[in-house]
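Annotation source TrEMBL lists transmembrane segment at 29-57, 63-85, 97-117, 164-186, 207-230, 259-275, 282-302, 308-327, 339-361, 367-388, 395-416, 436-456.
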Amino acid sequence: MASIATGVILWFVPVPSGVSRNAWQLLSIFLATIVGIITQPLPLGAVALLGLGASVLTKTLTFSAAFSAFGDPIPWLIALAFFFARGFIKTGLGNRIAYQFVSLFGSSSLGLGYSLVFSEALLAPAIPSVSARAGGIFLPLVKSLCVACGSNTGDGTENKLGSWLMLTCFQTSAISSSMFLTAMAANPLSANLAFNTIKQQIGWTDWAKAAIVPGLVSLLVVPLILYVIYPPTVKSSPDAPKLAREKLEKMGPMSKNEIIMAGTLLLTVGLWIFGGMLNVDAVTAAILGLSVLLVTGVVTWKECLAESVAWDTLTWFAALIAMAGYLNKYGLISWFSGTVVKVVGGLGLSWQLSFGILVLLYFYSHYFFASGAAHIGAMFTAFLSVAGALGTPPYLGALVLSFLSNLMGGITHYGIGSAPVFYGAGYVPLATWWGYGFLISVVNIIIWLGVGGIWWKAIGLW
């Protein structure tokens, strides 16, 4: 009822000047779908299909437009990551690596969490796809760690370790993506748009230098805050390292399937790192990796078909990408950007306050996007141009908007490539995911504009 009411009420609200009827109708269906996804009267995939069905039935979208995102590589990369995770766990390689982590850092949950957070951050500059990084490497590892520590989905043990660890690894994946030009596929787009707008090039070193201090502070603070407000019930396990070493001894040497899985993982990660030079994109590398697993029998196609979470995630994520993409194509986002520009420009505030308002509007408008690249493409240039016109140092404005284009992905379960992967593991309820997503977004904004602002002043950006 809440979902339908949202759509019906908005549908009959008078269309604002400058917005097409089609765009307004699609906005009402999109928001109704989002409310349905939050309240979950049906599974997520079913709600998303109802949204697409409503779009086609009302002639707001054609059938081919509504289902266009099923040809987008990102939802498929995320689904492939779940299939990859199946082999990781089935062969026992996941448990082997998890026990190694526990034997080294497992005396406390917090130590275990930080070891994963900084491992992911170290890989971030080398793997320019957060979906591949999160889904291909860290989701299988985190799931194996949770299982190894007795934290499973569906049996009431989620909060032992899994809920906190999944949410922590997800939130920090958005932070590590913001720290390096090559850590997220859309970052070069931000740099390119910045160059076209202000005629100044953002280099890899310039980006990393500006992001390193606020980024490291966020990586240290965010897991700790989540540990306090959403704690694992098992905080200390002094016997865990010893037990993990015993488990490793009992497992013995690596089996043939483990060796194949490890080799496939190295091949896929290698292609993610060097794919740019070889002209192999992330999803092609993942398909190649899965093909090896299928041919060798490490994973069967029947097992892939049984991965219901993968197919459900593919469905709802592709549906949201399609609707959000057409909101942009129908001109609603450009209308919104233009309205913001007029309102903020007419307030007569200092550049610092004006830029602060622009930053918040740019950041939280990400609730309407299922892709960082789409958001950047739609709004980055307009917001950067207005910030410069209101007195913000252009280079500083470009860098801050580029960083936030990653951090804003943490507010929902569809806003960045790592979100559907970690949410799909099933450890964190949706309302909790959104609630803590908003809270951590506030923390990140305070750190990046506060600590970051001081750092940027020190290195002469303003």
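Keep in mind that glycine also has a Cβ here, set from the backbone N, Cα and C atoms.
Among the listed stretches 63-85, 164-186, 282-302, the one sharing the most Cβ pairs under 8 Å with the transmembrane segment (367-388) is 164-186. Contact between the transmembrane segment (436-456) and the transmembrane segment (63-85) is absent: fewer than three CB pairs lie under 8 Å, with pairs separated by 6 or more positions in sequence. Listed by sequence, the residues of this chain that lie at least six past the ends of the transmembrane segment (282-302) yet keep a Cβ under 8 A from its Cβ atoms are 73-74, 76-77, 80-81, 83-84, 86-87, 90-91, 128-129, 131-132, 136, 185, 257, 260-261, 264-265, 267-268, 271-272, 275. Of the candidate ranges 164-186, 259-275, 308-327, 339-361, 308-327 has the most C-beta pairs within less than 8 angstroms of the transmembrane segment (63-85). Among residues of the same chain six or more beyond the transmembrane segment (164-186), those with a C-beta under 8 A of the stretch's C-beta atoms are 109, 112-113, 116-117, 120-121, 124-130, 133-134, 138, 142, 145-146, 202-204, 207-208, 211-212, 215, 218-219, 222-223, 226-227, 230-232, 282, 371-373, 376, 402-407, 409-410, 416-419, 422-423, 425, 427-428, 432-433, 436-437, 440, 444.
Within the same chain, residues 130, 170-171, 173-175, 177-178, 183-184, 186-187, 190-191, 194, 197-198, 200, 202, 206-207, 210-211, 214, 316-317, 320, 355, 359, 362-364, 366-367, 369-370, 372, 375-376, 380, 383-384, 387-388, 423, 430, 433-434, 437-438, 440-441, 444-445, 448-449, 452, 456, 461-462 sit at least 6 positions outside the transmembrane segment (395-416) and bring their C-beta atoms closer than 8 Å to a C-beta of that stretch.
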